[in-house]
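K.L.:
Okay, these came from TrEMBL:
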BINDING   108, 109, 110, 111, 112, 113, 114, 115  ATP binding site
DOMAIN    15-504  domain 'Myosin motor'
REGION    381-403  region 'Actin-binding'
């Protein structure tokens, strides 16, 4: 979303009067009261037409931020509230867009804020011009020149903590794009009195002379600007009566009988020259001048004026009377360096110092007397005035609110004195001698169009025609305004204030109308919203009811479907159960029949088995008896032969029991082979050699410790017969039983 641009006109939210031209009634008291009222509300800037009055606040104010620079950039001078940035922007745009040389004159007494005002002007110009590297370098040099100048030419005084002891003229050159190219700084007379406080003397005299010249050119250029604008707009020019201070300037700078000319003459003449002889000469030449006053003059009107000492003279400047102490005029006007000092400085090794004192060069000794300080300053002022007359002037009048250099203090007597010697009231009178207020047709129509039904809310035709219709509708007297080519001119501030009062009342009526329309719109919007909401709620309720009914139908359908599926399933289940019972019955019958057949077969087999078992038992009993008889015989033989092992066994292939059996020591019988089956529970066979072996066959042994038993037999045989047994491990072997081979 684009940011909304808020415009504040000079006439909006005014604290006092933003432009002194609109002050009513106009006098010294109302002028000071208006400045004080604005000063108390931190409004330190006030206009007199295109002139800016700046009151030193002696503190920092948040009105110089980059946002403020953007607010005043490319704006009409009267479009926003008074500010030094408005004048800076007007001068810069006239220079850049119209190719008109501009000058900004900043005047005021010591401590009024002239140096700070010049810094603000330069900082604004630096902020709005180009941004290239070279341009930034030039801007930085211009901005950094202020600290250098202040270091050489400023000092702390009783009246000002940063008092400038010289006047400076800064000439900044711009290219066609409005970018600064460089600058030249010229300085004027250095003031000793800024350091040491004393009575008005030569320094103050030449300063007041400069102020008189600036006031003269100010009035001339202001009237010239007014006349040019009237001619440009096609308004009839009327003669304006004003005080012309040219007579005061002539009293000071006249080449024949001016004060500076007589001072130079007195300094150059032979003989005894003192300040008293200079005053006597003034009394002779200037006694009849209406702006010169001296107690020792030929005129007897000041003989009894005790406020005028004998060693002083008084000049009635445009800002008031100023008393000058004549002491020191001659010496300060000479302002000469001793020749030996100039020669010593010229002999310095530093090039810069040497260039500053060319008169010390012995090869270029000039016997001509150097110009005096007064003549130098007069020539500098003449050059300055000539330079200013070729440029479009802009003015900043600085005012010092108090002598304490403290914030929030406004001394009316001090401000009144400055208003007088700056000629601000005279400036206002000159400005409002013709038309007090002027404004372009477009902003004028935009501001006051709500006062006429034909122009509100939109005017379709030219802006001038709209303003004419507006003023005719309001019945404003014709002599109170004039139509220019691009502006409307209003003669009396009361007419403008009447328009503002009507506008304020109309804005209140429009605000009431807007509130009424807004409340109606709000109620209608609320009603439409409620109606729309009711429709939405009803639609949603109907939807909910239909959804609920659908869910009920769906649930009922599911119940019905489940019942039908259950009925079908039960029918099928009954059929399956009947089929299963039939199959089970058939299986049971078949099983019973097979069982009967099996039992019959079993009875038959049992009968056969009983018959066979009787035979086997008898045969086994016979074999057992035979084996026992043989065992008994062997035991007897073993006891006789001191057997070393005990064996329990069955003869003729019966299982060898795990009982100890002691092998007898038989010399004629030599075991030849051990055969060990590769099974844990099968027997060990011992093959014998000899006739006895042939008659008895192989021995079979069974033991849970087969390896240990074989080892024991091996060691016993080795110890008895001194022969090694051959041990074979196999899965089967051939057993000789009574010369009958049997396979195991």
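We count from 1, first residue shown onward.
Using N, Cα and C of the backbone, Cβ positions are placed for all residues, glycine too.
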K.L.:
Take the region 'Actin-binding' (381-403) and count its residues per DSSP category (helix H/G/I, strand E/B, coil), listing them in that order.
P.N.:
9 helix, 8 strand, 6 coil
K.L.:
Quickly jot the same-chain residues contacting the region 'Actin-binding' (381-403) by Cβ under 8 Å, restricted to those at least six beyond its ends, or write none.
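P.N.:
Those are 35, 39, 48, 50-58, 84, 87, 90-91, 94, 100-114, 117, 121, 159, 169, 188, 209-210, 213, 217-218, 221, 225, 409-411, 414-415, 418-419, 422, 424, in sequence order.
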K.L.:
Let me know the DSSP-derived helix, strand or coil state of residue 109 (ATP binding site), please.
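P.N.:
SS state of residue 109 (ATP binding site) = coil.
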K.L.:
Within 10 angstroms of the C-beta of residue 114 (ATP binding site), what count of other C-beta atoms is obtained when all protein chains are considered?
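P.N.:
Residue 114 (ATP binding site): 23 neighbouring Cβ atoms within 10 Å.
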K.L.:
Please state whether DSSP places residue 114 (ATP binding site) in a helix, a strand or coil.
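P.N.:
Residue 114 (ATP binding site) sits in a helix per DSSP.
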